[in-house]
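Each remark here refers to the structure printed beneath this line.
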């Protein structure tokens, strides 16, 4: 390991994108020190980051996977007395006495440490050893490349990747630019009208000419406003088309992501990216107009100003470096503030969505005040970040306005002296001053792109953390193997674990033949739900294979697989819309009214629907204006209408009374051609099936019929008898 204790050494700072990214952001900074640049999305996957964040073990495993040597240690402040201490390294801390977090320590000088905090509200800072020791848990991870290490760089989508989105709108952009240029030309003519009045019409008493020119200018202004309307209309159309291209592509990508993505992220973190996408849309629209329109106006008006008076024009050019300096001074602060604001907004959105979804529990626990105070704290934080950004933007705007006003004064000052020496007329001076606004406005627009492009860059980084997660259907076009009818479902020594914990599924093998009715039983946490999610390929086993007939699931198109194996989760979701719309979601093509009636009869929900005011047209709310049992039965009928050969019911009758459940099980047992896997807590179901698989600690410990397992007197018998 190489020692790099210099305080002045350049740090490749990388901030966390979401609340739980501090561990992978710290690792990303270490990797960047050794010239490897990977997205946080990639590192999250390697480190098995979950809702709780990244463990030290996860950081070690991720670094090892990237050909780095690691040495995690438990130490105290005496660590910093070592002369050959290798920097940088990762330190685990507890911030504010309650938040687990990571720092990257880059060096030490005297009593101060150079720290990089992934939380960009702190960023790169110096911290005394005493302060550091108050937060430090003593856990440190030293990371250095192996001899075989080679730097790698992951390709990311930059803002330039949106150029094709822009070029698709080229005809629209051309029309907008033409309309805007014509609007500007009319305004320039208006400025010369003022010069004509002062220098020509009034001194020469040209009343008739003045009337004709005035009426002509009024007509020109009518045309100008029509063109302004056309320009604004086309801008709205372009904004909507950009929204379709950017936001809908994001939504499409979200729907194609694997379940593991949603299992490790809060809903608000995903939803907040829509706001990020809007920042990109605004920046793209502004950039297009500035490149084609503002530059064009700048050239045209600049030429007119030179013709008016070259001396005044040279003075006007002073504005360019002055504006550029103001923009440059604010670049870094704006970048940090944009990121802070977006991250705070993401956390606030997450909390609001979670609390609204869990409002019944909040009320049941009488915890409204606690929930409110949590959101209140996050909202105040968001307002503080927004206020700091708005305040800084106001300061920058004030400086720009001061430059503009000062320039106007200087132009009038110098221009007045030129008038006094008869080098220009009063009308020319007033016209020049009026035209100057048409020069400085597009100039400001071009320079103001900095703020919007910075917002877009931050937003693009946040979007990248989603786009860089591969679609689970990425290789579907290469999947040419088809499912063989009446195939058995076979798991061969499969193992799966969440993160780096103990296996949730541990060396499981099983075979389920076509048409068989199976019950998976066991206590909570035994691995039943995880196993069936592996069977439908929501997750992929870390070792072993699952096959449908002769074909491994990994070689099958996931759309085709999930059309063959239908999974009904523990908590069925009812969507806003009518009962009929909910029933037909995912239904096989060509579903008839008879099929629907048959499905609701099997699910024992037909009578309930007919008693409702609008029958099948009854509108259901997202949260459900029906009972939990009715939800489960509608969801079951919906699953039956998919008409898949294999149906997995994950405790899908848990909210039903025993009598209704028995009727439904009787109906399902009559579906002799269908393979059904019941995940059950109630052992009444297990008495009806062909075979029972008993699970414990991720293993299948028993396999047999109800009678044989009772006679064996094992774990199943113990569960049944109790």
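Even glycines carry a Cβ here, placed using N, Cα and C.
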Where Swiss-Prot places transmembrane segment among the ranges 476-496, 497-517, 518-538: 518-538
Matching range for Swiss-Prot feature annotation, transmembrane segment, among 380-400, 401-421, 548-568: 401-421
Among ranges 114-134, 135-155, 345-365, 429-449, whichever one Swiss-Prot labels transmembrane segment: 429-449
Which range of 87-107, 171-191, 570-590 is transmembrane segment, per Swiss-Prot: 171-191
From 210-230, 609-629, 630-650, 651-671, the residue range that Swiss-Prot assigns the feature transmembrane segment: 210-230
Shell list (ATP; ref centroid = CB of 522, 523, 524, 525, 526, 527, 528, 529; cutoff 8 A): 695
Among 22, 523 [recorded positions], residue with fewest other Cβ within 10 Å: 523
Neighbour count (Cβ, 10 Å) for residue 528 (ATP binding site): 26
Which same-chain residues, if any, lie at least 6 apart from residue 526 (ATP binding site) yet have Cβ under 8 Å of it: 695, 696, 697, 698
Rounded Cα-Cα span from residue 22 (active site) to residue 522 (ATP binding site), Å: 37
Non-local residues, at least 6 beyond the ends, that sit with Cβ under 8 Å of the transmembrane segment (311-331): 302, 305, 392, 396, 399-400, 403-404, 407, 410-411, 414-415, 418, 432, 436, 439-440, 443-444, 447-448, 450-451, 454
Under 8 Å by Cβ from residue 527 (ATP binding site), same chain, sequence gap 6 or more: 504, 505, 506, 508, 695, 697, 698, 699
Rounded Cα-Cα span from residue 22 (active site) to residue 529 (ATP binding site), Å: 31
DSSP-assigned states of the domain 'Peptidase C39' (16-143) in counts, ordered helix, strand, coil: 42 helix, 48 strand, 38 coil
